[in-house]
Amino acid sequence: MHSTIAYVFVSALALFAALHGSTSARNHTEDNSTEYYDYEEARCACPARHLNNTNGTVLKLLGCHYFCNGTLCTAPDGYPCYNLTAQQVRTLTTYPNTSCAVGVCMKGTCVKNGTMEQCFKTP
């Protein structure tokens, strides 16, 4: 009787393992795979500082690079940005006093799209 119960239990356990796989084997495969895990994206997972505007449109990055946990991160292509001079950046305040060139990030550069808007630091 005991051997029958043991046999049924072991068979059920084997069937479960076959259907669902071993947890340790599955985790091991996922941990070593770079196909599904973007390490660059993980290092750049903190929020980037954006500038506000008076138009009520989406907040935009100042340029296309930002630091996150000691890593220089690049915004993805097509991401909205402001293209400002160093002098404009130094004079930014928390109220709208700067006319900012609007653009989109392309390969790490904020490419102007010909429009301007008042931008300012978020409080």
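A Cβ is built for glycine as well, from the same backbone N, Cα and C atoms used for every other residue.
Disulfide connectivity taken from Swiss-Prot links C105 to one of C44, C46, C64, namely C64. Disulfide pairing as given by Swiss-Prot: among C81, C100, C119, C110 connects to C81.
Between the C-alpha atoms of N113 (N-linked glycosylation site) and N83 (N-linked glycosylation site), the distance comes to 10 Å.
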